[in-house]
Amino acid sequence: MPALDLLLNLHKSLFVGFPGRVLVSLFGVSLLLLCLAGVLLHSRRWRDLRRWRRDRGLRLALFDLHGLIGIWGLPWLLLFGFTGALSGLGALGTLLLAPVAYPQEPNRVFVELMGPPPPAAEGRPLASRIDLDRLLAGDAVRAPGFVAQRLSLSHAGDVAGSVEIAGIRRGLPSTANFERHRYRLADGTLLGERSSAQRGFWLRAFIAVQPLHFAQYQWLGPGWSAALRGLHLAMGLGACLLCASGLYLWLQRRASAPDARVRLLQRLSQGFCAGLVAAAALLLLGLQLAPSELLAGPWPGRLFLVLWAAAGLAALLLPGDWPLARGLLGVAGLACLAAAVAHLAPWLMRGRLPALGPDLTLILCGALLIRHAWMQARAAAPPAHPRVTGDHHA
């Protein structure tokens, strides 16, 4: 399983299938509510769009940074929350309403959404088939605004075999799952065409959720796509900083609370939030070190859930003064660095270089996590005693 697919599955469903997808969508609803609460709480700060007091202590600097990211990134945060919530909850609504819309045949709703299956095989061998390069060239001429991304064959050795070209259409927010052209494999005759442009308004809006949520802006053209993907990445990193700074401020405010329930909630927040980062980093490291025959199995999801649960269990069992968050973030940083080294080493031994973007990102994340853990350790260390000079009793 490639690392990108692994992270995508983690983001979509936490490796627990459709229930996990619904759960993740509920976190999208939570993000929308947090945005609303943040706007109400920080409504007086709209006049301080550039204030960041970095010279008056870490807590005040993080407070200002939290407000700045929330204000400047609010449109993207709302986009992340709304599209994330609609993705899973919309699928749940489709599943629940299918028996109402088609009482005799509930599965028909998925045929209406995704299109009919390819023509069935006739059991006769295919004597010759059209050249696929010529078919792609003809499809580009027939549909000039269509950009092919995926090609799949159905019943390739049968006379009824077909080929499907899936892609995107310029100016139409959709994905290759909904923009498809099907041709007969024998002679290249067009058998059918599916597009979100043929759907109603609400269905088109639902289809547009995925490209907007996952920064799939190819439908806008190369220039706009690259710019918006970069902005999307920056806002995603900003959202991570927003969560981290908000959690830190919340924990600091309740650090000295005498209530045992508050201390337990504080401990669980450290375990599950920092544990999520550590489990994801260790999963990436395990992906690099595991044998190839294990990559297609269910172990990545199980490993992630076990590691995350172990972090939550540690929050309950370890002493209250044990630096749990610091330890988990340090482990996550080391795992990110080790994963980058494990990926780069085989390439360097062959005298070649892979695409360095993912590895540089892992190295940067690892360095930042280790630095943060080190700064926490430094802040928690007792001040050094001043050296005694002279006679204080003189």
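Here the Cβ of each residue, glycine as well, is placed from N, Cα and C on the backbone.
Note that the structure is a prediction, hence the values are computed from the model and not measured.
According to Swiss-Prot, the transmembrane segment annotation covers 22-42 (among others), on the basis of sequence analysis.
Per Swiss-Prot, transmembrane segment is recorded for 60-80 (among others).
Summarising the annotation, Swiss-Prot assigns transmembrane segment to 81-101 (among others) and lists sequence analysis as the type of evidence.
The transmembrane segment annotation in Swiss-Prot covers 231-251 (among others).
Residues annotated as transmembrane segment in Swiss-Prot, with sequence analysis given as evidence: 271-291 (among others).
The annotation transmembrane segment is assigned in Swiss-Prot to 303-323 (among others).
With a cut-off of 8 Å between Cβ atoms, the residues of this chain six or more beyond the transmembrane segment (328-348) that come close are 270-271, 274-275, 277-278, 280-282, 284-285, 287-289, 311, 354, 358-360, 362-363, 365-374, 376. Under the heading transmembrane segment, Swiss-Prot lists 328-348 (among others), citing sequence analysis as support.
Swiss-Prot lists 355-375 (among others) with the feature transmembrane segment.
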Relative to the transmembrane segment (60-80), the stretch among 22-42, 231-251, 355-375 with the most Cβ pairs under 8 Å is 231-251
Short question: which residues 6 or more past the ends of the transmembrane segment (303-323) have a Cβ under 8 Å from it? 10, 14-16, 263, 267-268, 270-272, 274-276, 278-280, 282-283, 286, 376-377, 380
List, by number or range, the same-chain residues at least 6 past the transmembrane segment (231-251) whose CB is under 8 A from its CB atoms? 59, 62-63, 65-66, 69-70, 72-73, 76-77, 80, 215, 217, 266, 269-270, 273
